[in-house]
């Protein structure tokens, strides 16, 4: 039943029914109380009804019967009118409900265990804290107690966030999974801010509380050196330079760019970021020796093989996800075990699919937004190497790997929130929570690098490198001005001229197509009329002279 009809029932409006007093929509119908004994029922005859009405109202039988039949006819007409309106309203309400019903059912059946279990988590957390407080003896080691207290505080915060934080745009495999990474983002940002407020020496030595092996300067590995693909001097293994470069970073590059493609969902943006990062490595190898690589390592192994193959596989996966039918069924409604296992595997695929169409050249706002996304991606990539350099972290340390895993889980949600923010047409829109935290984390990491080693960052670029970046910046700025300012002005001018020519042609065709205009509208018509008048005047003079 619709809300309008419910409000009418609460106010007692509408046609008479068997549920108390209601005011008729018919303007001439009287107010009737249906539970009075004088109301004629279906088994009461007309004479009995008129008699009961005359006795109850003190009227004459003829007048009361006339009023009764007038009331009945008006009530029936009103009832038919109101019934038709109610049927139309109920039909619209049921149609909308049926349209929403499959989505609600699929959402309820599409996720396994969508309940947040807030009371269960609170009970388990309280029991754990009670056990530590009442049954466990506190050690006398201050460092151990400090570490355990910090870890317990983080775990309590994560439990709160997983059960109480706001859901993001993703719901697979479970909304709690993405709420967990949102809370991890908050913890990581707080950790970075703590490191930022320490001195350089204290910040590096603080990492010893995480791992005692840290806090020691590390030599940087030079990936350049001998760049011969085939070394004829080495008779036993002429391709030893190639095998030396095939370390654990090769599969890391492939997997990383496969996942980045799933985040960005655009081939052009992925290739631009991949190529630009290689240019950045060329440009900054005087600051970090780790960036010094052979030319074939840059363009063949990185861009074409690892990055290119990862982007290709990612685009094929995106194509499969876009063609997939997203129709979900509850696990317990599937009869076969094979179907149940397949349903569990598909739980780790998206609930629905949104294709990203960035369209950077459609407007200046989208162009600047896409350029900002590319710059943040490149900055996050550079932070990986510079943080290792300034905090003395070995490349194979588990903290480096955990940071990459963190950005893989955070980046997908952040990109979806940024895309929704760009496509949102509301005037007062808000950037998503995960995108906000990802941008804050990237900026904080950059500030740590700037504070901990300003000397390395202030090393001037070689002249030819600075000239190349200046030329590229000028070209991008020139294209931006032409595309979004000069080109629009030119197009508007051409459109104005075209419309003016069409209007002139329309007037000319209208003057010659069955609706001739005046002779003054045609070019040269004025001079032609003046010549005809002069000829007539001369002919008149000649005739007059001949007559005389």
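In case you wondered, yes, glycine gets a Cβ from its N, Cα and C as well.
What TrEMBL says about a protein is an automatic prediction, not a curated fact.
If you look up TrEMBL, you'll see 1-60 (among others) marked as region 'Disordered'.
The compositional bias 'Low complexity' annotation in TrEMBL covers 41-54.
For 116-134 (among others), the entry in TrEMBL reads transmembrane segment. Counting residues 6+ beyond its ends, the transmembrane segment (116-134) has Cβ neighbours under 8 Å at 152, 156, 159, 162-164, 176 in the same chain.
As annotated by TrEMBL, transmembrane segment applies to 176-197 (among others). Within its own chain, the transmembrane segment (176-197) has Cβ neighbours under 8 Å at 116, 154, 157-158, 160-163, 165-168, 170, 203, 206, 391, 406, 409-410, 413, 433-434, 437-438, 440-441, 444-445, 447-448, 451, counting only residues six or more beyond its boundaries.
Sequence annotations record features per position, and here TrEMBL assigns transmembrane segment to 367-386 (among others).
For 398-415 (among others), the entry in TrEMBL reads transmembrane segment.
Taken from TrEMBL, the feature transmembrane segment covers 435-452 (among others).
If you look up TrEMBL, you'll see 464-485 (among others) marked as transmembrane segment. Distant neighbours of the transmembrane segment (464-485): 282-283, 361, 363-364, 367; these residues of the same chain sit at least 6 beyond its ends, with a Cβ under 8 Å from one of its Cβ atoms.
As annotated by TrEMBL, region 'Disordered' applies to 500-548 (among others).
What TrEMBL records for 539-548 is compositional bias 'Gly residues'.
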Problem - Remote residues contacting the transmembrane segment (367-386) - C-beta distance under 8 A, at least 6 residues beyond either end - result: 260, 269, 272-273, 276-277, 280, 284, 288, 290-291, 358, 360-361, 400, 403-404, 407, 415, 418, 422, 438-439, 442, 445-446, 449, 453, 480, 483-484
